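> In case it helps, TrEMBL gives these features for our protein:
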type: ACT_SITE; residues: H96; note: active site, proton donor/acceptor
type: ACT_SITE; residues: D270; note: active site, proton donor/acceptor
type: BINDING; residues: R15, K75; note: substrate binding site
type: BINDING; residues: S134, D198, R203, S220, 239-240, 267-270, R279, 298-301; note: NAD(+) binding site
type: DOMAIN; residues: 4-137; note: domain 'Alanine dehydrogenase/pyridine nucleotide transhydrogenase N-terminal'
Amino acid sequence: MLIGVPKEIKNHEYRIGLTPAGARELVGHGHQVIVQRDGGRAIGLTDELYEKAGASIVDTAEEIFARADMIIKVKEPQPVECAMLRPGQLLFTYLHLAPDPEQTAGLVKSGCTAIAYETVTDKRGGLPLLAPMSEVAGRMSIQAGAHALEKAQGGAGILLGGVPGVKPANVLVIGGGVVGINAARMAMGMNARVTILDRSLERLKYLDELYGDRVTTLYSTADAIEDCLRYADLVIGAVLIPGAAAPKLVSRTQLALMKPGSVLVDVAIDQGGCFETSRATTHQNPTYEVDGIIHYCVANMPGGVARTSTFALTNATLPFAVQLANKGTQALLDDPHLLNGLNVHAGKVTYEAVARDLGYDYVPAATALEG
Ligand SMILES: NC(=O)C1=CN([C@@H]2O[C@H](COP(=O)(O)OP(=O)(O)OC[C@H]3O[C@@H](n4cnc5c(N)ncnc54)[C@H](O)[C@@H]3O)[C@@H](O)[C@H]2O)C=CC1
Ligand SMILES: CC(=O)C(=O)O
Ligand SMILES: [Mg+2]
């Protein structure tokens, strides 16, 4: 199979869909890899490294999209990229379709086979291709939040860990999954007081057993969230209902409960955000203020630490990329976990939560592939 890796074009997105080591593995399985010139240069992954791995360098995204049987990317295709996709072409990348009707319409129109990293599952009920970036974003959420709490950034002027004689800040993490646990670990490491809310009692039990009295765990209800907002200095939005638009857990009215200069970091923004007042921002302009509360809502946080993230992402995606390259769409039929990644095929929406949230007819993935 001919595999194409274009340069990412989203704002300040320096990740690339495949490392040179990943390219070498695919070439070793008998495939051809073409990479867009300078695709990884910003993070030290030079064209020479890709060539050494057996890949070929091509000049333009147009050539990659025109020639490749499978496109491997990081971020959801931008409109200009959607327009270059074609029937029968495989697209393997993050999509986050539920909050993105324009992209969904573009993929449906293209006729391509679009597999979303974020809905591929594993045997333990996890999301193995979302997890590495959630680890990154969870860890970054605390450093982003700590920075936003500084006075010059509009924040209340609070140091997360306090100092001897001055109390530490209160960090509230809503959603104790992969983002949440990584955020909590960083916040604990900085000596903040940490509270984690989740809807899964099993997850709360796990967090309690792991961290004991270093965290407070609470069952997530509207009441619990309201109580915690009154004293939180930094709130991390880290909930997920796989594939679906994020539930709105903090309304604009509830911002009035918070202390002025407190910070909301909405990591769930890529699924539409879990605060009513969230709107996606970029690494260039990451924050804005609503009613005295600072909002950080960058939808591609791991792009900020693109080198670490690129390696972490390829580590997770490569085994699936090899299967797709070896077997094409048969790889989806052979592996129910990879099949869960199929969101759009030949003009049909094949992920139920996306179809429901955006008003498309839902066609089960296996039916669409066999039909
Ligand atoms: N902005 C960015 O750059 C990035 C965003 N993300 C996003 O972060 C979000 C979280 O991802 P993960 O931690 O990997 O998901 P996860 O599935 O590991 O964890 C989500 C947690 O939310 C909990 N939850 C669901 N509804 C809840 C509610 N009403 N109240 C409290 N908890 C609730 C679930 O029980 C689960 O434990 C996703 O939307 C993901 O796409 C991930 C990586 C990068
Ligand atoms: C998961 C995601 O949206 C990202 O890594 O950018
Ligand atoms: Mg998007």
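Backbone N, Cα and C atoms are what each Cβ position is placed from, and that goes for glycine too.
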> Filter the recorded positions H96, S134, V239, V267 down to the ones within 10 angstroms of K75 (substrate binding site), Cα to Cα, kept in sequence order.
H96
> H96 (active site, proton donor/acceptor): which of the recorded positions S134, D270, R279, M301 have a C-alpha within 10 angstroms of it?
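The recorded positions close to H96 (active site, proton donor/acceptor) (Cα within 10 Å), listed in sequence order, are D270.
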> What mean pLDDT score does the domain 'Alanine dehydrogenase/pyridine nucleotide transhydrogenase N-terminal' (4-137) have in the model?
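Across the residues of the domain 'Alanine dehydrogenase/pyridine nucleotide transhydrogenase N-terminal' (4-137) the model's pLDDT averages 97 on the 0 to 100 scale.
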> Are there any residues at least 6 positions away along the chain from A299 (NAD(+) binding site) with a Cβ closer than 8 Å to its Cβ? List them or say none.
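Set apart from A299 (NAD(+) binding site) by at least 6 residues yet with Cβ under 8 Å, we have H96, I269, D270, A280, T281.
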> At a 10 Å cut-off from the C-beta of I269 (NAD(+) binding site), count the other C-beta atoms across all protein chains.
26
> For ligand 3, pick out the recorded positions R15, K75, H96, S134, R203, I269 that have a CB under 6 angstroms away from one of its atoms.
H96
> I'd like the Cβ neighbour count for R279 (NAD(+) binding site), meaning other Cβ atoms within 10 Å of its Cβ, all protein chains included.
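That number is 14.
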